[in-house]
Structures are given as structure tokens and as C-alpha cells.
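Worksheet: the structure to be examined is printed underneath.
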């Protein structure tokens, strides 16, 4: 019996968000909106998104002993996330500088701060969390060596979901554990490198699968997503909504997919549900504050 539907191992950042009419070019200054500060970070986002959907969720992360760290812990606890695995101190809380244009698209620069201090030893010290978790999710805003340690500490029978963002080459043992590996177009191209063939996402999915993960999901924004398994590649349609802010939508997608997989859904079923969750998230500003409840997803 698992105590947690999902354990998220990853980053926790304060999102500093400014709306702009357009992004500045080199050497250019543009005026933006008032600064908004929101709890964020891919790991923290995924934990809140899953908890809002009803998942029993825990977070393993590191934040600073500062105002941003307290903001993040408060957000996790309000959502119902178990924060027993959140370590405090050692460095300032990570910060993401986010600009959002009128279409809702964003550009992000991250200062890792305490996230860079989440070490393999922290993973080993949290062995009881891993043994109690049905699904474990990770991202790459924490050190890759820490993600490698996550793979080594997975409980028998648990499932590992990885969103390699920001993307970098992945060791074979990490790839082999992914079920699925979740990438967007940019992440797919970085991981594929010179092995990319053509512009068809179906080809990217097949080539990624050949690199060793047990399954692959390629998210395509308004075009939906692709699911690749040894049985073949299928397309998951998108849900049409009026996008306001895409910040955190990918994290909401990943969290929803991981949660539904743990509940027994097939990968295609989980991806279809995740597409609805991601669509709901882009209809409101911010990351964690935009994540829907299960009831809101059903109303789409």
C-alpha cells in the first residue's frame, strides 16, 4: 500500500513575472507591467498541480531560509502537499525571471539558488518517501547527479516520469527508467541532437523511444501531444481554449499524467486527461494559482 500517489523530486522557485508587449532585442529596454511574485519551479508546480487534482502528493526539494522559501512552503501546504521532504537553508531560494507577451507565451531565465544544492545524499536520506510512493516525477532544474540517484532509489514496482527541462544529454540508466520521458519540441530536438530526422514530431517520438525510455510523450502545445510506446505512436488532440498565460502549463500536464498513470490509466488515457489539465491552466495568469481542480477539469 502506497502512502503517496506521487512523489515529486525537483525545483522550487519564486516566479518574478512581468508582462510585456514584446520581448526586447539585444541592447534594448522595454517597459513592462507591474512585477508579480508567484510560487513556482517545475518541481513545486507539479506537486501543487497533482494535489489540486486530488493526488496524495509529497515534494522533495530545497528552498532558502527567506521570504521566497516561506512563500513556496505556504503554497505547498495550502494545496495539501506533504512538505516533510522540503529542506530549508544552504542557499537563497531559486528565482525564475519570466516575461509574458500578449499571446500568453513566455520566456524564462532561472537562477537555481537552493535547487542546485539538492544533492544525491538528500535523495538517499529520503528513502522512506520513495518506498511510500507509487509514481516518482523529476525534472532537470536540479543537478543531473541527483536525478541519477532518484533512479537508483526507486521502489520496486514504482513508476518514474521525467521531464528533462532544461534539456541536456541523459545517461542511459536514466533514460531506461523513464516511463514516460515527457518532452516538448525544443527539449526533443536538444536530446536528439544530430540524430533528428525531418520535421515530423512522429519521427522525433520514434527516435527518442529508440534511445531507451520505456515510453515517450511529446507535447505540441495547441497541436496536442504524441504518445510513443513499443506498440506505436498515437496523437492526443488538444483542448481549444483562450490562452492567457502558458507559464506552468507543461508542469500541470506532467503532474496530471503522472497521477493518472498511478491510478491505473493507460498512457494514452493519462495523456488525454493531462491535455485537459494543461488547457485549463493556460486560461489564468500565473503557474500554481492557475492549476485546476478535478471538478474544473471535468467542466472543460
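In case you wondered, yes, glycine gets a Cβ from its N, Cα and C as well.
Taken verbatim from TrEMBL:
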DOMAIN    5-293  domain 'Carbohydrate kinase PfkB'
BINDING   13, 14, 15, 41, 42, 43, 44, 45, 141, 251  substrate binding site
BINDING   184, 219, 220, 221, 222, 223, 224, 250, 251  ATP binding site
BINDING   245, 247, 281, 284, 286, 290  K(+) binding site
ACT_SITE  251  active site, proton acceptor
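Features recorded in TrEMBL, as mapped to the structure shown.
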residue: 44; record: substrate binding site; Cβ neighbours (10 Å): 35
residue: 184; record: ATP binding site; Cβ neighbours (10 Å): 18
residue: 220; record: ATP binding site; Cβ neighbours (10 Å): 16
residue: 224; record: ATP binding site; Cβ neighbours (10 Å): 18
residue: 245; record: K(+) binding site; Cβ neighbours (10 Å): 24
residue: 247; record: K(+) binding site; Cβ neighbours (10 Å): 26
residue: 251; record: ATP binding site; Cβ neighbours (10 Å): 31
residue: 281; record: K(+) binding site; Cβ neighbours (10 Å): 33
residue: 284; record: K(+) binding site; Cβ neighbours (10 Å): 14
residue: 290; record: K(+) binding site; Cβ neighbours (10 Å): 22
By a simple count, how many Cβ atoms lie within 10 Å of the Cβ of residue 42 (substrate binding site), its own Cβ left out? 30
Residue 286 (K(+) binding site) CB neighbourhood, other CB atoms within 10 A: 21
Within its own chain, what residues at least 6 apart in sequence put their Cβ under 8 Å from the Cβ of residue 222 (ATP binding site), listed in sequence order? 238, 240
Pick the one among the binding-site residues 15, 141 whose Cβ has the fewest other Cβ atoms within 10 Å in this structure. 141
Per-residue pLDDT averaged over the domain 'Carbohydrate kinase PfkB' (5-293), given as an integer: 94
Write out, in the order they occur in the sequence, the residues of the chain not among 13, 14, 15, 41, 42, 43, 44, 45, 141, 251 that have a C-beta within 8 Å of the mean position of the C-beta atoms of the recorded substrate site. 10, 11, 12, 39, 40, 94, 96, 248, 287
Taking 8 Å from the centroid of the Cβ atoms of 245, 247, 281, 284, 286, 290 as the cut-off, which other residues in that chain fall inside it around the K(+) site? 244, 246, 248, 249, 282, 283, 285, 287, 289, 291
Where does residue 13 (substrate binding site) sit in the DSSP three-state scheme? strand
Sorted by position, what residues of the same chain at least six away from residue 13 (substrate binding site) have a C-beta under 8 A from it? 40, 41, 44, 68, 72, 93, 94, 95, 96, 110, 113, 115, 141
Say you check the Cα of residue 251 (ATP binding site) against those of the binding-site residues 15, 245, 281, 284, 286; which is nearest? 281
How big is the Cα-to-Cα gap, in Å, between residue 224 (ATP binding site) and residue 247 (K(+) binding site)? 17
